[in-house]
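K.L.:
Following this message is one structure expressed as structure tokens.
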Amino acid sequence: MPELPEVETTRRGIAPYLEGQRVSRVIVRERRLRWPIPEDLDVRLSGQRIECVERRAKYLLIKAEAGSLIGHLGMSGSLRLVECGLVAAKHEHVDIELESGLALRYTDPRRFGALLWCEDPLRHELLARLGPEPLGGLFDGERLFQLSRGRSMAVKPFIMDNAVVVGVGNIYATEALFAAGIDPRREAGSISRARYLRLAEEIKRILAHAIERGGTTLRDFVGGDGQPGYFQQELFAYGRAGEFCKVCGTTLREVKLGQRASVYCPRCQR
């Protein structure tokens with residue numbers, strides 16, 4: 001599933017080609033995504049100038065003059081730029097054609113993504129209750145420490161809770177906990193302030209570095225320019241169960257937490 005770095009990589013890839021451009025038409029070949037694409041999307045978006053492309057959590061916000069398109073890549077979705085009129089392949093469900101001659105093409109083999117229209121995206125039910133951005137000033141270790149008091153849930157699902165902080169998905173939660181030396185099974189409320197301060201810094205560092213590397217390509221993800229991400233070459237724990245720890249040589253173990261596979265080093269993480 002594309003996580004925050006993959007979505008931010010997509011945003012950075014498509015924004016220069018969309019911002020300031022006017023939409024000529026919208027072609028929808030398949031409306032049945034996680035939520036149906038609005039039947040009047042072509043009417044609402046055609047003729048409008050795109051003002052900016054932003055990101056909130058794992059959502060892309062394409063802001064036009066009279067509203068915004070909320071995009072989510074789901075499990076296997078991607079957005080890339082193609083020339084208008086390029087024949088669509090299977091699973092290429094939507095083209096947003098621009099007067100520049102380029103089109104933003106949405107591809108989603110599993111159809112778990114979304115393209116929704118609204119006037120004010122930050123008040124939309126999908127975004128209104130989200131926590132702070134992990135790379136912003138409102139997120140730090142003190143927030144993690146205070147919100148964790150009295151919590152018996154494991155620390156990994158705790159930091160993946162979008163009400164606590166957005167955008168820390170399975171890949172980057174696994175990597176941040178490894179870097180901070182924290183066992184993902186530990187009760188959130190049992191972890192000290194000092195360790196949460198370290199964990200928050202590792203979350204920020206790893207997410208920022210993953211964005212620089214273009215995200216993590218594990219299955220279907222490519223950026224807005226069609227290129228894969230390269231952070232998977234630097235993974236220490238995620239997807240490496242049964243392999244040797246790159247730090248101490250111990251065999252990495254896997255455990256299920258909140259229905260997610262969690263890989264950890266029993267020696268490095270306590």
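Glycine is treated like the rest: Cβ placed from N, Cα and C.
The feature active site, schiff-base intermediate with DNA is assigned by Swiss-Prot to Pro2, with sequence analysis given as support. Taken from Swiss-Prot, the feature active site, proton donor covers Glu3, Lys58, Arg260, and the record attributes it to sequence analysis. Among the features that Swiss-Prot reports, DNA binding site is placed at His91, Arg110, Arg151, with the record citing sequence analysis. Taken from Swiss-Prot, the feature zinc finger applies to 236-270.
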K.L.:
Can you tell which of the active-site residues Pro2, Glu3, Lys58, Arg260 lies nearest to His91 (DNA binding site) in space, using Cα positions?
P.N.:
Pro2
K.L.:
Which whole number of Å gives the largest C-alpha distance between any two of His91, Arg110, Arg151, the residues noted as binding DNA?
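P.N.:
Answer in Å: the longest Cα-Cα distance is 42.
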K.L.:
Nearest to Arg110 (DNA binding site) by Cα, among Pro2, Glu3, Lys58 (active-site residues)?
P.N.:
Pro2
K.L.:
Which one of these recorded positions has the most other Cβ atoms within 10 Å of its own Cβ: Lys58, His91, Arg151, Arg260?
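P.N.:
Answer by Cβ density within 10 Å: Lys58.
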K.L.:
Of Pro2, Glu3, Arg110, the recorded positions given in the record, which has the fewest other CB atoms within 10 A of its CB?
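P.N.:
Looking at the recorded positions Pro2, Glu3, Arg110, the Cβ with the fewest others within 10 Å is that of Arg110.
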K.L.:
Can you tell me which recorded positions out of Lys58, Arg151, Arg260 are within 10 A of Pro2 (active site, schiff-base intermediate with DNA) by Cα, answering none if there aren't any?
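P.N.:
So the list reads Lys58.
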K.L.:
Report the nearest neighbour of Arg151 (DNA binding site) in space among the active-site residues Glu3, Lys58, Arg260, comparing Cα positions.
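P.N.:
Out of the listed candidates, the nearest Cα belongs to Arg260.
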K.L.:
How many Å lie between the Cα of Arg260 (active site, proton donor) and the Cα of Glu3 (active site, proton donor)?
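P.N.:
Cα-Cα distance, Arg260 (active site, proton donor) to Glu3 (active site, proton donor): 15 Å.
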K.L.:
Which three-state DSSP class does Glu3 (active site, proton donor) fall into?
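P.N.:
Reduced to three states, the DSSP call for Glu3 (active site, proton donor) is coil.
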K.L.:
Using DSSP, tally how many residues of the zinc finger (236-270) sit in helix, strand and coil.
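P.N.:
Across the zinc finger (236-270), DSSP assigns the residues as follows: 0 helix, 12 strand, 23 coil.
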